[in-house]
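The structure under discussion appears below in the form of C-alpha cells.
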Amino acid sequence: MYYTHLLTDTDGSFHGVEFLPEDFRDSPNERTMRVNEKYSTLPADEKGIHIINIRAIEDIGYVRTESTLLNSFSQDPDANCKYGLYFRDGKRKVDYILVYHYKKSSFSRTLTRRIHFNDLGPRSLKQDQPLPGKAGQVNMHDSEPHMDYHEDDKRVRREEYENNLMQAGLELERDEDTKIHGLGFVKIHAPWNVLCREAEFMKLKMPTKKVYQIHQPHGLLKKINSVIQKITEPIQPKVAEHKHQTVKRLSYPFSREKQHLFDLSDRDSFFDSKTRSTIVYEILKRTTCTKAKYSMGQGEGRKKETTLLNKRRKCGKYGITSLLANGVYSAAYPLHDGDYEGEHVEHNDRKLLCEEWASYGVFYKYQPIDLVRKYFGEKIGLYFAWLGVYTQMLIPASIVGIIVFLYGCATVDENIPSMEMCDQRNNITMCPLCDRTCSYWKLSSACATSRASHLFDNPATVFFSVFMALWAATFMEHWKRKQMRLNYRWDLTGFEEEEDHPRAEYEAKVLEKSLRKESKNKETEKEKLTWKDRFPAYFTNFVSIIFMIGLTFAIVFGVIIYRISTAAALAISSTPGGRSNVRVTVTATAVIINLVVIIILDEVYGCIARWLTQIEVPKTDKSFEERLIFKAFLLKFVNAYTPIFYVAFFKGRFVGRPGDYVYIFHSFRMEECAPGGCLMELCIQLSIIMLGKQLIQNNLFEIGIPKMKKFIRYLKSKRRRPGDHEEYLKKKQRYEVDYNLEPFAGLTPEYMEMIIQFGFVTLFVASFPLAPLFALLNNIIEIRLDAKKFVTELRRPVAVRAKDIGIWYNILRGVGKLAVIINAFVISFTSDFIPRLVYLYMYSESGTMHGFVNHTLSYFNVSDFQDGTAPNDAMELGYPVQICRYKDYRDPPWSETKYDIAKDFWAVLAARLAFVIVFQNLVMFMSDFVDWIIPDIPKDISQQIHKEKVLMVEVFMKEEQGKLQLLENWGGKEKRKGFTEDNRNFLSLLP
C-alpha cells in the first residue's frame with residue numbers, strides 16, 4: 001500500500017509529490033524532511049513542510065519512487081531555457097541528452113488531470129530539478145506482482161547510472177512531459193570543475209594567453225598571395241573562422257595547476273559546445289552501471305540472473321554503449337546550437353553553416369572548414385576537407401580530359417583506319433556474328449562505331465593515362481600537406497589516439513565466456529576473446545565473402561547469357577533497323593541491367609558486411625570500423641567493377657574462329673568485340689554505371705529518402721486534432737526536435753561512395769577521359785548535399801578528435817597503384833594502340849596507317865563451316881560469298897597451316913607485354929619521384945611547430961624564474977627578519 005505526500009511550503013505553494021510505502025505512514029516527518037532537503041532548491045531555514053496524506057490507491061500500474069515537481073511555476077518557462085538549450089533555471093547549458101521510453105501509470109494520468117484542473121500549467125509535471133540519488137528504495141517486487149519486470153529493471157539501471165553520473169560531477173535534469181508520448185529526456189550539464197578535470201585527463205590542447213605572430217611570406221611571394229586573396233575574395237565564405245589569420249594563440253594541454261596560463265576571462269566560451277559534449281560523452285562511456293533490481297524470470301532463471309548480475313558487477317563495464325544496446329536508453333546525443341531557419345532565429349553556428357555552407361547557392365565558394373570543425377569536430381572536418389581537396393584536384397584533370405576528348409573529335413576525320421572502314425569501295429565481307437540466324441555483313445556498316453571509338457582510342461589517351469597516374473600521386477601528396485596544415489591550425493600536432501573503450505557486444509561476449517568458465521570452476525580473471533573464440537566467425541566471414549563474390553560473378557555471367565541470346569534474337573528480326581542496331585541495343589540494355597543489379601547488391605552487401613563484422617565482435621569501435629570498411633570495400637569494389645573488368649579484359653578473348661567457335665552450354669556462342677575494338681563498349685559501360693550510381697544512389701537516394709521520411713513525420717503530425725497540431729508545432733523543445741532527426745550513422749557510407757568514384761576516375765580513365773569531369777560535377781553537388789544533411793537532417797554527432805582520415809588513405813594509395821597496372825593493360829590489350837604501332841613500324845609499306853584494317857582481318861573459307869552453323873540466308877547481300885573476314889591474326893585457308901595463329905599475333909603480343917612492363921615501371925617511378933620530391937610537411941608549418949615549442953619553453957622558463965625570484969625574495973625577508981631579531985637579542989644582553 002502506498003501513500004502520496006504533497007510537499008508544500010507554509011504559504012501553500014505546491015512543491016512535489018512523493019510515493020511512500022505503508023510502512024512509513026506512522027513516521028513520515030523524518031523521511032519527508034530528508035527527501036525534501038535533497039530535492040528542493042530552497043535554503044534549509046526557509047523550508048516549512050506540511051504533509052497531506054492522500055488515500056492510498058490499490059491499483060498502481062507503475063510506481064515511481066522519485067517523482068518531483070517544479071518548485072516554482074513561471075508563465076513562460078520555455079523562454080527561460082531557450083526552448084531546451086538550457087536547464088529550467090536558464091543558466092546551465094544542456095551539453096548532452098539521454099532519451100528513454102517509459103510507461104505512465106493510470107494513477108499518474110489521474111493526478112495529472114487533477115493538477116491541470118487546478119491550473120498549474122501544461123508543464124507542471126516535469127521533473128526539472130537536478131536528479132538526486134535514489135531516496136529510500138522500496139521493495140516493490142512483493143507488493144506489485146503484475147509489474148513489468150523488464151521495464152522496472154531498466155528504470156533501476158537508469159537510476160543507478162544517473163546517480164553515478166552525478167557522483168562524477170555532472171548535473172542532470174529530467175523532462176517526461178514532452179510532446180512525444182512515452183519518451184523521457186535527461187538533460188546533462190557539465191559544470192566548470194568537471195570540464196577542467198576532464199580536459200586535463202583527455203589532454204585537450206587549449207589556447208593560452210600567449211599570442212605569437214604567424215610566419216608571413218615576404219617579397220614576391222607576399223605580393224602573389226595578396227593578389228590571390230583579392231581574386232578569390234568573392235568565393236570565400238563570410239565567416240570569421242575562415243579569415244586569414246596573422247596571429248595565433250599558443251596552445252598547451254589543459255592543466256588545473258596552470259590555469260593562470262590560459263585565457264579564462266570568459267569561462268562560458270572557453271570550452272565550446274563541441275568540446276563540452278565530447279567531455280560529457282567520455283564520462284558517459286566510462287561511467288558504469290552494474291545493478292538490475294529484478295530478474296527476468298522465476299526459480300532457476302532468477303538464479304542465473306543473479307549470477308549474471310554478480311559477474312556484471314565484477315566486470316564493471318556497463319556504460320552508455322551497453323545501456324543503449326540493451327534498450328535502457330533509446331538514444332544519446334548532443335544538441336544542435338538552435339534553429340537554422342526562421343525570421344527571428346537567434347544567430348548561431350548552425351544557422352551560419354546553413355547559410356554559408358549547406359546551401360546550393362554557395363556551391364562556388366570555398367568550404368568554411370574551420371567552422372565545420374568547430375561545430376562537428378575534427379573527424380568530420382577532415383572528411384569535408386578531404387572532399388574539398390579531391391574536388392579541387394579534379395578541376396585540372398577535367399580540363400585535360402576535355403582537351404583529350406576534343407582532340408579525338410578534331411582528328412576523327414583524319415583517322416585512316418576509320419576512313420578505310422567507312423569506305424564502301426573496299427567491299428569487305430565479314431563472317432556472321434551468330435550461327436544460322438545471322439548472315440554475312442559489310443564492314444562499312446560499322447562505320448559509326450569506328451568513328452566513335454576514335455574519340456576515346458587515340459594517341460592522346462596514352463598521355464592522359466600517364467597524366468592521371470601522376471595526378472593521383474600529386475593528389476595524395478597535396479592532401480598530406482593539407483592535412484598537416486589542418487593539424488597545426490587545429491592544435492592536433494603531437495596528438496595520439498588513446499585506446500578506446502570496449503564495445504558493449506565485446507563485453508557481453510567476455511561476460512558469457514567468463515560465466516562458462518566459472519560453471520566449470522576455472523579462473524576467470526582478465527578474460528578476453530582469442531582467435532579460437534572468433535574462429536567460427538572468421539570461417540563464416542571467409543565462406544560468406546567467397547559466396548558473395550561468386551554471386552557477383554554469376555550475375556555477370558547471367559548478363560553475358562542475356563547479351564548473347566538477345567543478340568541472336570534481334571538478328572532474326574524482320575526489320576533492317578533492328579538488325580543494324582543489334583550491338584547498340586544489346587549493350588545499352590545489358591548495362592542498365594548491370595546498373596540496377598549493382599545498386600541493389602550495394603545495399604545488400606553493405607548490410608552483410610556489417611553483420612559479418614558484428615559476429616567477429618571487435619573489441620573497440622575503431623577496430624569495428626576498420627574491419628567493416630575492409631569488408632564493405634572489398635564486396636562493393638567487386639560488385640561495381642566486375643562487369644567493367646569483363647568488357648575490358650575478357651570479352652572477345654576466348655571466341656575461337658569461324659568453323660571452331662567456343663560455345664557456352666553447347667548452344668550460345670561467346671560474343672565478340674566490335675570491329676573497332678571493345679574500348680567503345682567499355683566506355684559506354686563505364687559511363688552509364690558511373691553516372692547512374694552517382695545520380696541514383698549517391699544523390700537521388702540521399703535527397704529523396706530523407707525528404708520522404710520528413711514528409712511522413714509531417715503527415716503523422718497533421719493527423720492530430722488542429723489544436724493539438726498547433727501545440728505540437730509551437731512548443732517543442734530543442735531536444736524533442738533533435739530526437740526526430742535521423743541518427744548519425746558514421747562517415748563510412750560517405751567515404752565509400754567517394755572511393756568508388758575515385759576508382760572510376762583512375763582505374764579505366766584510358767577508356768573514358770570525361771570521367772573526371774562528371775566526377776567534378778557530381779562532387780560540387782555532393783559537398784552541399786552532405787553539408788545540408790549534416791546541418792539540417794541529422795542529429796548532431798559527437799565530436800571525435802582525429803589527425804588523419806585513417807584507413808581510407810591506405811585504400812586510396814592502393815587504388816592509385818592499381819590504376820597504373822589496369823590502365824597499362826587497357827591501353828595494351830583493350831585498345832588498338834599497340835597493334836597500330838606494330839603495323840606502322842613493322843608492316844606498313846608506305847610508313848602510314850593505310851592497310852591497317854585489312855592487316856588485322858583474317859580470311860575464312862565458308863565451305864569450312866561446321867554442320868548446322870552456316871547462315872540460313874547466304875544470299876542476303878545479293879551475291880554468293882566464298883570468303884569472309886574476321887578479326888584475328890591467323891593463317892589464310894590456302895596456307896599449309898590454315899587457321900593457325902600467325903606470326904603477327906606473337907609480334908603484337910610481345911609488344912603489348914613490353915608496353916605493360918615499360919608503362920608500369922615508368923609511371924610507378926614517376927609517381928614515387930613526385931612522392932619523394934614533395935615534402936609531407938610544408939616548410940612554413942614545420943617552422944611554426946618548432947617556434948611553438950620554443951615559445952612554450954620560454955613561457956615555462958619565465959614561470960620558473962618568477963617562482964625562484966619569489967622564493968628568493970621570501971627567503972631574503974626571512975633572513976632580514978632573523979638578523980633583526982638576533983640584533984635585538986644581542987643588544988638586550990648588553991649592560
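Note that Cβ sites are derived from N, Cα and C of the backbone, with glycine treated the same way.
Predicted automatically and left uncurated, TrEMBL annotations should be read as such.
Look at TrEMBL and you will find 86-369 tagged as domain 'Anoctamin dimerisation'. The average pLDDT for the domain 'Anoctamin dimerisation' (86-369) in the predicted structure is 75.
The region 'Disordered' feature in TrEMBL is assigned to 122-153.
Positions annotated as compositional bias 'Basic and acidic residues' by TrEMBL: 141-153.
Under the heading domain 'Anoctamin transmembrane', TrEMBL lists 372-948.
Sequence-distant contacts of the transmembrane segment (383-407), counting only residues of its own chain at least 6 positions beyond either end whose CB sits under 8 Å from a CB of the stretch, comprise 366-367, 369, 372, 455-456, 458, 460-461, 463-464, 467-468, 471, 474-475, 478-479, 482-483, 486, 747, 750-751, 754, 758, 761, 765, 769-773, 775-776, 779-780, 782-783, 786-787, 805, 808. According to TrEMBL, the transmembrane segment annotation covers 383-407 (among others).
Sequence annotations record features per position, and here TrEMBL assigns transmembrane segment to 460-479 (among others).
Annotated transmembrane segment per TrEMBL: 538-564 (among others), in sequence order.
Under the heading transmembrane segment, TrEMBL lists 584-608 (among others).
Counting only same-chain residues 6+ beyond the ends of the transmembrane segment (628-649), those with a CB under 8 A from a CB of the stretch are 541, 545, 548-549, 552-553, 556, 559-560, 591, 594, 598, 601-602, 605-606, 608-610, 612-613, 678, 681-682, 685-686, 689, 693, 748, 751-752, 755-756, 759, 763-764, 767, 807-808, 811, 822, 825-826, 829-830. Taken from TrEMBL, the feature transmembrane segment covers 628-649 (among others).
Taken from TrEMBL, the feature transmembrane segment covers 754-777 (among others). Residues 387, 390-391, 394-395, 397-398, 400-402, 404-405, 456-457, 460-462, 464-465, 468-469, 472, 633, 636-637, 640-641, 644, 648, 679, 682-683, 686-687, 689-691, 693-694, 808, 811-812, 815-816, 818-819, 822-823, 826-827, 830-831 of the same chain lie 6+ residues outside the transmembrane segment (754-777) yet bring a C-beta within less than 8 angstroms of a C-beta in it.
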